[in-house]
Amino acid sequence: MVLLMTSVSLGLLRLPDVCASWNPSSAVSYLAQALRRGKVHGSLARAGKVRGQTPKVAKQDKKKQPKGRAMKRIKYNRRFVNVVVGPGKKRGPNSNDKAVAQVRVHFRPIFLSLNSEQPGTITRAAQHHGRGGVPFKNTKEARLAKQLAKCGTLSEIENLLTPMQTKDMSSKELSFMLGAICRRHGEPERALQALRHLESTGAPVRNVYSYTAVLSGLGRAGCISQAQALLASMDDVGLEADTAAHNAVLAALAKEARWQDAEALTEQMRSRGVPRDVYTYTSIVHALGRAGHWERARVLVRNMVRGRLETRPNVVTFSALMGACLACDEPAAAMATFHDMELCGVRPDAKALTHFFTACRAVDPPQGARALDIFRTQTECRDGVQPVTSTYNALIAALGSAGLCDDALAVLDEMEEADMEERSPNGITYNAALFACARAGRASDARLLCARMDAAGVRRDAVTYAELLRALARGGCLRESLQILDELEQGVREVRPNLVVYNVMLAECARSIGASSDDVDDDDLLSFVDRTVSSMESAGGDLSPDPFTRRAHLLALENANEWRRAAEVSRSTGADLDILRGVVYRGVDAARITLPLALEPLRTAANAVVASGRRARELGARELGARQQGKP
């Protein structure tokens, strides 16, 4: 074996030719030696070293070698760190070695080339030592199945799940195979078919581990009915479903927001005496949050905190509750949940910080400074939180909403200086920083951010241009923003303008009308707004005007003192009643439109509200009746 590996490393023999001359038993023995060790040392192919040995040290270098723990660390690195990992995907520094690369490539074909007429291939391979066929002590056949489950294709795994191959397999091996079909290949239904087929052949798959693996795959794929049926069938075959099996079904129910079924299953666990852990209740919190019942979820978490349930909440539970509050537009409740988590002594993770920063941005007024203080406190302490890109994105957005542009740009600089993959800025990061520049009206910083995006290889999208146009317009460069919009429409830039870009540009033009600015004339801005809204109406589809478009159009007409046109546009377009009320009130107060003309769009809007059944009495009839009685 040493001579063979040395020859391969020196290029004297090509591994495919060597493998072709072997018989199946030799191939299995060779494979067992490699996979049993799990990792192939870089010097194995060069000098025939085995795992228990280290490279020899020359006499003149012995005095320079460190001693004690430092020497143990060096030996560990030589044996286990500087490796090429088996047939998996991990690679070490020696992965470019040609001989070792050939070993990696040809391990699996040698193993799979053995036909199904030789039963118990994995077991026989594990029971053969690389030299002499001596059995290993404490042999674990599941390790070989686990290696194949990590790297094998779906057809390769299914070929092993045959009666001849599974004759000598253990239950753990088969559970690894079924789990690989569900998780890696996303085929839970085929795993369920394989489970039923193996049960009919007498294979040892009738255990909780195999059923839980298939249940988890069915739940992730959204096959809830099949998962529930499989969970119920465990009683028929004499298996007691444990907590993990129930949690797999609960996670699937939570994904579909079926909180009643989740609570019923939890009650069934209590009646059967199955322990309910923190993941059980976390799944219920997820289900309640997706269904919009954030108050019910908060009551459940508070009962866990007060010790009324079997377990205490962890950071995942609190994060789920914060996500539920944010999904229901309750940022204040999300911030209160974060402080409750701190009072309980639960340390936040990156996801919890992300939810907290999102809540700090959504509250009124935004709590950007508070978010920055929490970020510094939680990340700079010993064993602090390791933030990821999404955490930084939420923090920059919170700082931008609070008007702290300098702090937002400083956080972005910190991300770029870290030079870590899990903290590398992406398009959302730069868009959040552009939003901060737009809120502060810093056009020059917005231009520099776009240049940094291009240098980092991050592609611009429609949101990028929307924030850039906003920053330029608020920074006194409205004409430049109009030129960029024209380039977007002509296809000169990499993206086409969408509804968000047009709404931003219309809003900024409407704000600039009547302001003391010499950049663009007011008449030109008003004609641009009218022309753009008309083209959006004719285009239709994704560019159809929405309430934000109507609001910007009416604001432009108001700032240009075109009150009569504003009332006519409101009446013809059937705008939202709140928008109409604002237009009419301001127009009447400015004595620009008469009361009958003001009442007409309100009457039209009230009729539309009555027809659709939305708050008719509260917003339509009462408002219209008050105006008809001549009340101010």
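Just so it is clear, glycine is given a Cβ too, placed from its N, Cα and C backbone atoms.
According to TrEMBL, the protein carries these features:
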type	residues	note
SIGNAL	1-20	signal peptide
REGION	48-69	region 'Disordered'
REPEAT	207-241	repeat 'PPR'
REPEAT	242-276	repeat 'PPR'
REPEAT	277-311	repeat 'PPR'
REPEAT	314-348	repeat 'PPR'
DOMAIN	324-497	domain 'PROP1-like PPR'
REPEAT	388-422	repeat 'PPR'
REPEAT	426-460	repeat 'PPR'
Contact set, same chain, for the repeat 'PPR' (242-276): CB under 8 Å, 6 or more residues outside the stretch: 208, 211-212, 215-216, 218-220, 222-224, 227-228, 231, 234, 283-284, 286-288, 290-291, 293, 296, 309-311
Helix, strand and coil residues within the repeat 'PPR' (388-422) as assigned by DSSP: 29 helix, 0 strand, 6 coil
Secondary structure tally of the repeat 'PPR' (277-311) (DSSP, helix then strand then coil): 25 helix, 0 strand, 10 coil
Overall pLDDT of the repeat 'PPR' (426-460), taken as the mean: 93
